[in-house]
Amino acid sequence: MPVLERSLRYLFIPIVITFLYIVITQHLSTIWQGWLPKINELPYFLLGISAVLALLFNCWRISYLSLLLLGYYYFESSPALLPELALLSQEQVILTGTLIITFFATFKDRALFSIYFFKTVLAIGLCVILTLGWSAVITHLSSVDAGLLPNTLKLLTSLYAPIGISCIVLCIFTIWRATGVDSAIMVTLFIWLFHFYLPDELPLSILLTILALAYLTSILVRSHNLAYRDELTGLASRRSLNTLAHSLNKHYCLAMVDIDHFKKFNDTYGHDVGDQVLQLVAKKLSKVEGGGKVFRYGGEEFTIVFTNKNIEAVLPLLEEIRRKISQYNIVLRNQRRKNQSKLNRDEGHKTNPVVNITISIGVAEQHGETSFENTLKRADKALYKAKNNGRNQVFA
Ligand SMILES: Nc1nc2c(ncn2[C@@H]2O[C@H](COP(=O)(O)OP(=O)(O)OP(=O)(O)O)[C@@H](O)[C@H]2O)c(=O)[nH]1
């Protein structure tokens, strides 16, 4: 996916939606003001639920953040506890929170109950130490010589500069990783900073409710992707095809695509290279024209569905994609590439083996009352014939 599309999807749109939620909630203040005592309880439930659900779906970063925010909310809403626990100034709290959120953005989701638990606790401790150390340096510099660090510059260096750097790091990771979970972490920073810089705009309970909804949405999207997307190729999965089958009208074309001699390919070059080839074929197939929807049927088989298309219209499109794949030179990457210097890599690139693969396609048209399974079977039979006729061809 191009960087611009990733930035739009995973960075700007989630932030804009969160901002809109905040603005709408502000405008509806007359409605929720009366419910505030009840709303104040909501973060406990919603963040609690998101912590548990995130754990079930292996999004431990969301789980940790939910728990940390729950803790913060508990202390914020219990004034009796605050004086004893206010070890950090407000500025230090903002910075520590920002650093912790940035830490979660740069780390990957790992098992919760493992060595990573201790690493995470250590990292959170390190964020506190970094904040205290940074504040001490700034205070020292300004006390040594007031001219060295005027007041305006002091605030800039002590707070705005590290927060700015954290924001940049977070944006880079959100765009690079391009997942809903990373967008949710970005939204956490947005809400965290909003809470401190515009404290009178919305109560913390409402901000955390909005954030918990963002967490639950990201977990839902992730679980939907797990069910309906193929992890290796990123294509829609067979379950997704079965769901589409219920909503298809009576006129469509179905193509079954199979990579030729893939077992031999795997045996020769290894399963990892086989996986890369599957990803490549998926990418090429998804560029098929005529509005064809591509699914990974299973193994090295793919299905393409063209709604409201005749077989005559579909055949040239499939023929074109078959030709493109067969002519594509796949340069096999050297497995030791990472350990080589750039010069060696450039040299190696010239000597890396180049291979070609081919695909066979079977097509069937549905017109009338026959069931989806029946059309699928006919496409499968056509594929079998394409294989028997010598492979690397489209058979209808
Ligand atoms: N690397 C990799 N290989 C897979 C995956 N799924 C299935 N395969 C392999 O795909 C191969 C399919 O082999 P066969 O069904 O015998 O077909 P083929 O070798 O492609 O031969 P023809 O279809 O007759 O041209 C098997 O070796 C599977 O292990 C996968 O996700 N990754």
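Cβ atoms here come from the backbone N, Cα and C positions, even for glycine.
Unlike curated entries, TrEMBL annotations are predicted automatically.
Note that this is a predicted model, so its numbers are computed, not measured.
What TrEMBL says about this protein:
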type     : residues : note
TRANSMEM : 12-32    : transmembrane segment
TRANSMEM : 44-75    : transmembrane segment
TRANSMEM : 87-107   : transmembrane segment
TRANSMEM : 116-137  : transmembrane segment
TRANSMEM : 157-176  : transmembrane segment
TRANSMEM : 181-198  : transmembrane segment
TRANSMEM : 204-221  : transmembrane segment
DOMAIN   : 250-396  : domain 'GGDEF'
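Contact count against the transmembrane segment (204-221) (Cβ pairs under 8 Å) is highest for 44-75, out of 12-32, 44-75, 87-107, 116-137, 181-198. DSSP states for the domain 'GGDEF' (250-396), grouped as helix (H, G, I), strand (E, B) and coil, give 70 helix, 37 strand, 40 coil. Across 12-32, 87-107, 116-137, the stretch most heavily in contact with the transmembrane segment (157-176), judged by Cβ pairs under 8 Å, is 87-107. Sequence-distant contacts of the transmembrane segment (12-32) (same chain, six or more residues past either end, CB-CB distance under 8 Å): 39, 183-184, 186-187, 190-191, 194, 201-202, 206-207, 210, 213-214. Taking Cβ pairs closer than 8 Å, the transmembrane segment (87-107) reaches residues 61, 64-65, 68, 72, 120, 123-124, 127-128, 130-132, 134-135, 158-159, 162-163, 166, 169-170, 173-174, 182, 185-186, 188-189, 192-193, 196 in its own chain, all 6 or more past its ends. Mean pLDDT for the domain 'GGDEF' (250-396) in the predicted structure: 86.
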